[in-house]
Amino acid sequence: ALFAAAGLAAAAPFETRQDYASCPVSTQGDYVWKISEFSGRKPEGTYYNSLSFNIKATNEGTLDFTCSAQADKLEDDKFYPCGENSSMSFAFQSDRNGLLFRQDVSNDITYVATATLPNYCRAGGDGPKDVICQGAS
């Protein structure tokens with residue numbers, strides 16, 4: 001899950017949330033999003049040329065869509081829009097499977113969130129180094 005905070009100009013990595021029944025989760029002022037269906041392709045086994053994931057609100061919100069980007073070589077730490085005319089964008093950090101997600105709500109409000117997306121890669125079939133990566137629970 002991703003956690004977002006309003007009004008941040010820069011983001012620092014958040015620690016992984018622990019799923020303990022005794023740990024209360026505050027929802028007032030926080031937005032909690034679930035990331036699923038992560039997939040990506042590394043044509044040379046070292047860099048991504050496509051990334052895709054689903055993002056969904058978990059606090060009775062309406063957010064539920066697929067975010068994706070494709071290029072000859074997707075650059076780490078560069079923000080890519082989730083779609084045409086979208087207020088949402090993401091950046092990826094390959095070395096730690098880190099997702100940085102940003103939603104520009106207004107001139108004064110930006111939600112920023114981070115998550116680590118565990119995944120596994122297998123042979124892709126488009127060459128000896130081509131791999132396809134998918135999210136792992």
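These residue numbers are counts, starting from 1, taken along the chain as shown.
Just so you know, glycine gets a Cβ as well, placed from its N, Cα and C.
Database features (Swiss-Prot):
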SIGNAL    1-18  signal peptide
DOMAIN    28-137  domain 'AA1-like'
DISULFID  C67-C82  disulfide bond
DISULFID  C121-C133  disulfide bond
If you run through the domain 'AA1-like' (28-137) with DSSP, how many residues end up as helix, strand and coil?
3 helix, 59 strand, 48 coil
Near C82 (disulfide bond), how many other Cβ atoms are within 10 Å of its Cβ?
20
Grab the pLDDT values for the domain 'AA1-like' (28-137) and give me their mean, rounded.
89
For C133 (disulfide bond), just count the other CB atoms lying within 10 A of its CB, please.
20
